[in-house]
């Protein structure tokens with residue numbers, strides 16, 4: 001139950017929980033770093049440090065690059081805004097009683113961050129030299145993001161409007177938000193690459209990952225949690241207003257317009273004022289970036305996938321999360337359907353932030369050894385049990401609803417359940433990342449890690465989409481109060497209501513899915529879990545890419 005991001009991988013996420021998934025590794029971008037190029041870069045740096053008549057120059061430190069760090073942080077915040085907004089739309093759609101097939105269709109919005117490996121080589125290889133390798137992609141993508149947001153600010157109310165007999169325009173919403181996610185993923189590739197040259201490699205390049213995690217998390221928080229809270233009339237009337245009103249402080253249209261303008265203005269300033277190709281600070285020469293042709297990169301990826309050990313591992317990664325799909329993709333929407341305010345669910349992500357920061361640090365102590373996948377294997381059944389616990393929570397929720405909402409102890413239980421889920425999720429995630437780092441060929445580490453991270457994210461995306469798609473077909477409804485009528489389709493439901501009846505759910509497909517997913521997950525754990533663990537016994541040579549040898 002990714003309560004805030006429909007709510008996880010997508011973050012993917014990808015994404016992402018409060019600490020974006022995939023950002024703990026070096027796998028957000030395709031790049032190929034060889035020892036020769038590393039030595040060449042270090043030589044350039046050493047040369048820049050002894051330029052002043054052979055005397056070593058003083059290293060600038062972080063204070064000398066606060067401007068660059070601030071710019072990177074801001075760019076990552078901008079990246080998180082459309083991701084957070086996309087994560088809020090399923091909760092808004094659920095409050096408008098759309099079908100789960102519509103939710104499944106909209107879930108494709110969260111796929112681009114998992115598929116960006118497909119076009120990342122193009123972003124790295126094609127650019128305008130006079131404008132800058134990274135600005136050639138950053139500037140147009142952010143302009144398009146701003147324009148799409150301005151377009152949505154004018155049309156989103158109409159697209160979300162639910163008239164009699166006609167619900168929200170899910171197809172158009174999906175198309176527009178898919179483009180927002182695609183552009184944000186492309187911007188991520190460009191910013192990740194720029195970070196390596198914008199910050200001094202010998203001192204401050206390590207701050208790039210911090211900017212990524214903090215900035216993207218902050219952006220997602222602004223676009224999801226803060227927006228849902230300020231958009232809710234109930235929340236604003238209860239906590240922020242002296243006199244109640246029928247609407248929240250901001251509307252989705254206002255929010256989109258504001259950030260659309262921010263994107264356009266800030267992108268213009270970056271395009272004009274930030275010189276990518278300028279000489280480095282303190283007289284430091286610009287480190288030459290390695291370049292690899294598009295075809296070389298794709299051939300390299302294909303050669304990695306063809307390796308037996310990698311192919312087996314990727315197959316396991318693509319199927320490992322089937323058992324969690326109902327819990328991860330459907331539970332949050334079911335809670336909204338049961339009457340839990342969407343803004344309250346979003347706000348539950350706030351106390352999770354410290355936990356999500358600390359968990360990787362704690363778990364990494366157990367995954368640092370030679371067998372990190374043992375942690376993955378041990379956490380697997382606990383996550384399955386938590387999924388069944390979520391089904392019980394959803395079943396229990398309607399009975400606790402009161403006139404003024406839900407009691408405090410209910411939210412305490414939901415928060416505790418969410419925390420347990422995060423422990424199991426991060427145990428598996430950190431274990432996977434540790435194994436990726438362990439087996440990746442150091443000669444092509446960036447490309448190798450990106451491939452494995454992409455497969456990991458896809459392994460969460462497709463089961464979630466399928467789980468959403470199957471809720472309606474697995475649900476049984478009957479028409480009460482109108483003889484001879486059925487409720488098997490929207491048309492039949494309309495006839496039932498027209499005849500004075502009401503459609504009542506006799507079997508909720510979510511509960512069917514929860515049990516089926518648990519059985520599938522248990523089967524995978526028993527049959528394939530040990531096979532994944534045995535991959536740790538493979539020799540290092542089994543994971544080495546032999547291209548060019």
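The first residue you see is number 1, and the count goes up from there.
Heads up, the Cβ atoms here are built off N, Cα and C, so glycines get one too.
Just so you know, TrEMBL annotations never went through curation; they're auto-generated.
Annotated features, as they stand in TrEMBL:
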type	residues	note
REGION	1-37	region 'Disordered'
TRANSMEM	73-93	transmembrane segment
TRANSMEM	105-123	transmembrane segment
TRANSMEM	143-160	transmembrane segment
TRANSMEM	172-191	transmembrane segment
TRANSMEM	255-273	transmembrane segment
TRANSMEM	300-324	transmembrane segment
TRANSMEM	344-363	transmembrane segment
TRANSMEM	375-396	transmembrane segment
TRANSMEM	408-431	transmembrane segment
TRANSMEM	443-462	transmembrane segment
TRANSMEM	510-528	transmembrane segment
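In summary, the transmembrane segment (408-431) lies against the transmembrane segment (344-363): three or more C-beta pairs, each 6 or more positions apart in sequence, are under 8 Å. For the transmembrane segment (300-324), the neighbouring stretch richest in Cβ pairs under 8 Å, chosen from 73-93, 143-160, 172-191, 344-363, 375-396, is 375-396. Remote same-chain residues near the transmembrane segment (255-273) are listed as 71, 74, 78, 81, 85, 135, 138-139, 142-143, 145-150, 152-153, 156, 223, 227, 230-231 (criterion: CB distance under 8 Å, separation of at least six residues from the stretch ends).
No contact links the transmembrane segment (172-191) to the transmembrane segment (375-396), because fewer than 3 Cβ pairs that are 6 or more residues apart lie under 8 A.
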